[in-house]
């Protein structure tokens, strides 16, 4: 299970490199992708103003159309076409397709996130059927509420939930790829990668605000997946995919693991 | 196998009506959709000028992005979400997904159609697998060349080719739904529906230019499907879906059929 973020998708040569490496993986695999930067670009061209709160997008009706067009349309199909060219039988999915990911419109609290969906359930049977037929699902960050409404959902959370839903059936490895080499002790210093991040050290680093902003929900997703039985969770640069020895962060519940 | 055109998709209540009726069909089914009007609207908002020759779109690189976003993104996912809400397990497909429809970029002739694809082959095994698993494919008018390039492909042709590819495995009924009641003797008179259109009468009506412009490729697709073994081909208004007795055109190779 691999999740790739916006910066990789933006850069055509980085994307080709990632998808080439991903294609070479043997066995059952799933790709989850974001694409927020592309969506913001399209929104701007259409005269819409992207609004973010704590790294999460406010999704009004016109913005929902933009994210559906960008994530489920342009980016998903470009990725699927490339993977098929590289010999991987990929099929693109939103959460609406085959009722893969059911979610609930987020209740209006301090912030009204609009058409943002929080995941309720994953159709793990569909995933197992696809994987058993050697089909690689490519999942974008759109879900649905089961009543015909599409919803915008965080791609990191989708990767975590899909990985968790499969933990009973497979030994799942979850890998978050982005533009940095891992979780950094000092966000200004690319060499300060935390090699092993446990829940205990995570708590300490939260208290000192060493880990902050967008990294918090990402790490919460990592620990949630581990608690639901996902075997390994790593965070690293996309070049990690082809080279497991390169520097990265391994997220673990405890310092010493039993396996 | 049902194909719905742009006018149905544009109109939210017509679309709901069609999809409700389509959901009630029992047995294996496939939906193919166009969406040219929506694509043209988005293109205009982005300052692109839609160009058409003989009812076919000229697809340069920015226009390809627009049609992929509109067909495979916005429209496909809206339809899929609605069908799932109506109890049909629908999964959206472009031709790139699972290598469903392989096509070839049209050669530059008198007109350079840009990224327009002519269909080479259909992955009928994938379709059969989906249908056997009670999954309803919802196919948009995007294909790929197998080398990572997405291509814009006529939705009528896609419906014809998918129907033909399944003719060896199923008794296929192909139904083209649009805003009119069928093929008209007089395009100004909604009551002049030709009830049965054979190849012979088609040839006569072509000579007198009674049938012209966009109806010609549509009917060519109908006869092509019949010649490849598709059992029945009908053209009619979308209300036909819920009411088989309403007026429509039945396309047949000969006046008297053997079955």
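Glycine residues also receive a Cβ, built from the backbone N, Cα and C atoms like all the rest.
Of the residues B:134, B:147, B:152, TrEMBL puts just one in the substrate site with B:35, B:36, B:57: B:152. All protein chains considered, the CB of residue B:35 (substrate binding site) has 27 other CB atoms within 10 Å. Across the structure, residue B:57 (substrate binding site) and residue B:218 (site 'Transition state stabilizer') place their CA atoms 15 angstrom apart. Proximity to chain A (Cβ-Cβ under 8 A) holds for none of the binding-site residues B:35, B:57, B:152. Surrounding the centroid of the Cβ atoms of B:35, B:36, B:57, B:152, where the record places substrate, the chain contributes additional residues within 8 Å, namely B:34, B:39, B:40, B:59, B:67, B:70, B:71, B:141, B:155. Listed in sequence order, B:31, B:32, B:33, B:34, B:155, B:156, B:158, B:159, B:174, B:175, B:176, B:177 are the same-chain residues at least 6 apart in sequence whose CB falls under 8 Å from the CB of residue B:3 (site 'Transition state stabilizer').
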